[in-house]
Ligand code: WTA
């Protein structure tokens with residue numbers, strides 16, 4: 001979905017909201033100026049928003065120079081992230097709800113877990129992990145549905161200093177196995193089966209299949225979500241519910257350095273296999289909690305709901321760490337927006353009197369298509385702030401969100417950020433900025449965006465300009481490295497435009513100086529808000545015996561934002577057929593997961609290549625987009641006739 005900056009309307013916050021908000025326009029301007037002119041003074045002060053065991057004396061120490069990229073924040077401070085998210089609230093709000101768990105089935109009772117209960121549950125889980133041999137610095141893979149135990153597991157790792165690596169429960173066993181091996185995890189935490197949208201996913205049996213390809217010593221801790229039968233290997237599989245009955249509900253939080261890793265999260269890039277993004281304890285938590293408070297104008301007592309899954313960074317920062325560090329009540333929803341029907345989101349908002357609601361444009365587009373009655377049947381008067389994340393939002397969806405869901409009362413914060421950035425990088429602040437449909441508006445405190453010319457790498461000054469988006473100074477939640485491969489970290493983010501962090505997105509700065517994200521400029525696509533490397537889908541396809549070669553690109557899709565378009569060249573002995581298409585689709589789902597399921601597969605007798613054998617993706621993208629007029633220069637192609645064949649046989653239906 002391209003976001004043309006054609007919308008010129010802007011929506012200022014109401015006077016009431018501006019007056020009661022943490023940050024109004026004048027305060028934003030003053031704080032922003034201070035944050036970029038003297039970042040150490042700014043963050044030295046704001047770092048104090050969390051509790052430190054040993055206070056830091058150094059603030060930032062960061063270099064973006066290739067060959068020497070090194071990022072540290074608060075490097076001599078010590079803290080414990082779980083104590084910040086739980087223990088420090090016990091005295092003042094022990095009986096307040098920390099987590100509202102809304103199950104997949106609306107007839108199953110919601111759970112309200114207080115901070116005191118959260119403390120007990122996290123300590124028990126931490127003690128269980130220790131019993132299984134997990135120690136400070138060890139890795140734990142979490143492969144759980146959206147149940148409270150997912151948050152317990154994250155915080156339990158943080159409590160004992162273990163590093164969690166969450167694998168989204170929609171990933172296949174192959175993808176899971178690769179991530180268990182990639183981080184050399186000691187334990188995998190999973191559930192028997194996971195209800196979602198009225199159906200069940202067999203998580204434990206996926207783990208069984210994954211562990212066939214992992215070290216024998218890897219243990220599996222199983223949460224009983226449904227009580228469904230699963231296979232059981234004594235000595236390897238452990239019953240969480242049984243062990244929790246015995247485990248002590250006290251566990252002393254480990255003293256961690258600010259720079260000790262908190263988690264690894266695998267994400268897709270433009271080349272090769274997904275990389276393990278590493279986030280550390282101190283800077284990440286400061287930034288997650290500060291962005292949660294200011295972006296959503298969170299106030300004491302608010303009920304905050306982020307509909308993401310904890311398998312993605314959005315769930316890490318804005319379901320668990322940010323809200324809990326702020327002592328908020330955070331909603332965890334196990335289900336999907338359309339089950340039992342398209343009013344589910346709005347029913348949950350009404351039921352739990354949600355004040356801030358944060359979701360992905362793809363969900364809004366799907367719900368918008370179902371008609372307004374599903375929204376209008378619910379009482380949404382508790383909503384104050386709406387948010388979007390993950391992909392550009394088209395003005396139609398923005399306007400629907402604003403008018404129908406928000407009743408024109410609720411500012412929409414369109415938050416641009418990435419797994420790598422740990423927290424919001426650009427977003428309007430609700431009490432400070434007039435929003436524009438489709439614009440991420442302004443940098444957050446401490447973020448200094450620059451627009452570069454993609455060819456020359458020169459900084460483009462002034463307004464009404466477009467280019468690639470880079471950031472020229474570090475912020476506390478910046479990723480520190482790629483797990484086990486610092487060179488890849490430097491190469492991916494700091495080598496194209498030297499001295500800058502290169503985000504991989506293009507952007508426009510409009511005449512007012514506000515930012516519009518125009519989408520990825522690399523081979524990363526965004527399907528239903530899920531980030532995916534086209535290279536991953538290609539390597540899954542070519543692993544099939546009938547496939548000789550494959551090229552994958554994104555194409556505009558009404559609901560998903562982008563769909564997955566595959567050009568496949570078959571082996572000589574393979575016959576193209578609809579059967580084979582189906583088989584390849586299933587194959588990719590097994591290799592990666594349902595989110596990577598190809599939308600369109602076109603048989604390509606040949607792919608457009610340069611004389612040196614490089615696939616010209618630009619051309620394939622244009623064909624997939626149905627934009628033949630703009631194929632550009634094809635003179636360097638080895639066999640120009642290939643293109644005519646591809647155009648003639650372009651797929652336009654599944
Ligand atoms: C895209 C998700 C436009 C962008 C938090 C980025 C967005 C990628 C927005 C990161 C937005 C995220 N407007 N595009 N508000 N938010 N993106 O790592 O292309 O899953 O680079 O992090 O999503 O995806 P990731």
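Each residue, glycine too, has its Cβ placed from N, Cα and C.
Database features (TrEMBL):
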- 196, 197, 198, 199, 314, 528, 589: CoA binding site (BINDING)
- 542, 544, 547: Mg(2+) binding site (BINDING)
- 28-85: domain 'Acetyl-coenzyme A synthetase N-terminal' (DOMAIN)
- 536-614: domain 'AMP-binding enzyme C-terminal' (DOMAIN)
- 614: N6-acetyllysine (MOD_RES)
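Separation of the C-alpha atoms of residue 528 (CoA binding site) and the residue listed as 'N6-acetyllysine': 29 Å, rounded to the nearest whole number. Screening the recorded positions 199, 314, 614 for a C-beta under 6 A from any atom of ligand 1 leaves 314.
Spatially close to residue 547 (Mg(2+) binding site) yet at least six residues away along the chain are 541, 568, 569, 570, 571, 574, 584, judged by Cβ distances under 8 angstroms. Among 196, 197, 198, 199, 314, 528, 589, the residues given in the record as binding CoA, the maximal Cα to Cα distance rounds to 24 Å. Under the DSSP three-state reduction, residue 197 (CoA binding site) is assigned to coil, being neither helix nor strand. In the three-state DSSP reading, residue 544 (Mg(2+) binding site) counts as coil. Ranking the binding-site residues 314, 528 by how many other Cβ atoms lie within 10 angstroms of each Cβ puts 528 at the bottom. Taking the Cα atom of each, residue 544 (Mg(2+) binding site) and residue 197 (CoA binding site) are about 31 angstrom apart. Listed in chain order, the residues near the Mg(2+) site other than 542, 544, 547 are 540, 541, 543, 545, 546, 548, 549, 550, 568, 584, 587, each with its Cβ within 8 Å of the site Cβ centroid.
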